[in-house]
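A.B. asks: Submitted below is the structure of interest, expressed as structure tokens.
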There are 2 protein chains.
Amino acid sequence: MITELQAYLKDEFGIDFNDPSLLAEAFTQASYVNEHPKEHLKFYERIEFLGDAVLQLFVSEYIYRRYPELPQGRLTRLRAAMVCEDSFSKFALECHFDQYIRLGHGEELAGARKRPSLLCDIFESFIGALYLDQGRPAVEKFIQRVIFPKLDQGWFDHAVDAKTSLQEFLQRNGDVEIEYHLLHEGGSENEPVFTVSVSANGKQIGEGTGSSKKHAEMAAAQVALQALRQIKK
Amino acid sequence: MITELQAYLKDEFGIDFNDPSLLAEAFTQASYVNEHPKEHLKFYERIEFLGDAVLQLFVSEYIYRRYPELPQGRLTRLRAAMVCEDSFSKFALECHFDQYIRLGHGEELAGARKRPSLLCDIFESFIGALYLDQGRPAVEKFIQRVIFPKLDQGWFDHAVDAKTSLQEFLQRNGDVEIEYHLLHEGGSENEPVFTVSVSANGKQIGEGTGSSKKHAEMAAAQVALQALRQIKK
């Protein structure tokens with residue numbers, strides 16, 4: 001299974017491991033080690049400990065540089081949305097890492113191969129192994145392909161608010177004037193409905209409604225972002 | 001104050017900042033920025049966000065390599081003891097960083113300059129600035145001087161148990177046979193007292209007592225460690 005993994009990583013990501021034993025360690029769960037006592041195998045937990053810290057720093061550094069105006073609190077929220085079980089387990093599935101995990105029979109039958117917590121661990125341990133085997137540039141190249149594009153695809157929009165995301169999206173290639181206009185105020189006194197438009201350099205790019213002006217602005221920004229991302233594709 | 005800090009870092013640590021504005025940002029608290037609105041200053045929080053992740057990775061990598069047999073749970077405990085407010089605030093004081101923090105008057109009067117949480121933040125933000133300005137090798141050199149020797153000095157013994165520390169200390173330069181012997185079992189039935197000796201390659205190096213055999217072994221290992229560290233000095 002580790003030989004297949006090695007070939008797959010080479011084909012798919014251009015990653016050629018120097019020390020396959022690191023890769024084996026990173027993809028082996030304790031249950032497998034226990035079932036093969038004579039092979040003196042190691043399981044992934046120590047490498048995962050390292051990989052977790054590697055991801056924490058590289059993601060931190062990326063968003064620190066990419067969002068020069070974002071205050072610490074928001075950086076922290078964004079990092080928490082990126083560096084978490086939910087994200088990492090999805091990345092692991094997207095990379096087909098689930099197919100290469102070495103599990104004991106009991107864990108296999110219990111469905112561990114698709115368990116988010118295990119997938120997350122394996123993603124981290126893979127990063128740890130890659131870091132040990134090939135150093136920082138290889139990890140950066142890998143996460144630039146697997147993690148960072150998700151920012152543009154809106155995976156973490158809930159962590160950075162839509163207005164900030166829109167601003168960052170539009171202003172990446174120079175200054176753009178973004179304005180929000182209240183178009184309509186309706187509903188009842190208890191349930192008001194605000195309608196707001198957002199424009200970039202005078203051209204309307206989105207419209208949204210909400211129970212407050214702020215919510216309507218967020219909705220408009222979200223609509224604009226989705227439209228702009230569609231165009232970019 | 002930042003000019004003095006620059007000179008001090010050069011003298012004391014051989015660190016010559018290329019971009020003093022990073023250093024200024026790292027040592028400036030929000031209260032100072034608020035009191036000097038015309039200077040358009042930045043305060044340390046964003047750089048601290050980065051520095052925290054830098055420390056997390058470099059400490060993780062160091063203990064991962066140094067303790068190749070330590071399981072993940074213990075690595076995590078050891079890292080938590082090293083990467084925490086208590087440690088970082090002490091490192092900041094030891095490096096005299098408290099003298100260079102730019103604080104507002106209110107914070108100064110409230111004693112913020114000696115507040116562990118602020119000292120910890122400043123230690124992290126300094127590391128973040130050093131990382132941005134000079135890259136990884138400079139940070140490694142700095143923490144190899146300021147943080148890692150504390151492992152040998154026993155600062156974090158509470159996180160790695162004394163038996164593990166003793167083993168690591170003795171076996172760094174090759175295999176040493178460590179044995180624990182029960183010397184005496186006394187006390188009453190309700191309050192037993194065990195006395196245990198520890199030996200290295202047959203030579204007794206410590207003795208300890210405790211309410212269980214395990215506690216007595218820990219105490220003996222601690223005594224041996226302290227004695228060995230005295231010799232090493």
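Don't overthink the numbers, they just go from 1 along the chain as shown.
Note: Cβ is positioned from N, Cα and C throughout, glycine not excepted.
Sharing the record's features from TrEMBL:
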- B:6-135: domain 'RNase III' (DOMAIN)
- B:GLU48, B:ASP121, B:GLU124: Mg(2+) binding site (BINDING)
- B:ASP52: active site (ACT_SITE)
- B:GLU124: active site (ACT_SITE)
- B:161-230: domain 'DRBM' (DOMAIN)
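Situate these features within the shown structure.
C.D. replies: For B:ASP121 (Mg(2+) binding site), other Cβ atoms within 10 Å of its Cβ number 24.
Note on B:ASP52 (active site): other Cβ atoms within 10 Å of its Cβ, all shown chains, come to 23.
Look at B:GLU124 (Mg(2+) binding site): DSSP puts it in a helix.
Taking DSSP states H, G and I as helix and E and B as strand, the domain 'DRBM' (B:161-230) has 28 helix, 27 strand, 15 coil.
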A.B. asks: I need the least crowded one of these binding-site residues (B:GLU48, B:GLU124), counting other C-beta atoms within 10 angstroms of each C-beta.
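C.D. replies: Per-residue Cβ counts within 10 Å for the binding-site residues B:GLU48, B:GLU124 bottom out at B:GLU48.
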A.B. asks: Which whole-number value in Å describes the distance between the Cα atoms of B:ASP52 (active site) and B:ASP121 (Mg(2+) binding site)?
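C.D. replies: So the alpha carbons of B:ASP52 (active site) and B:ASP121 (Mg(2+) binding site) sit roughly 8 Å from each other.
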A.B. asks: Per DSSP, what is the residue count of the domain 'RNase III' (B:6-135) in each of helix, strand and coil?
C.D. replies: 98 helix, 2 strand, 30 coil
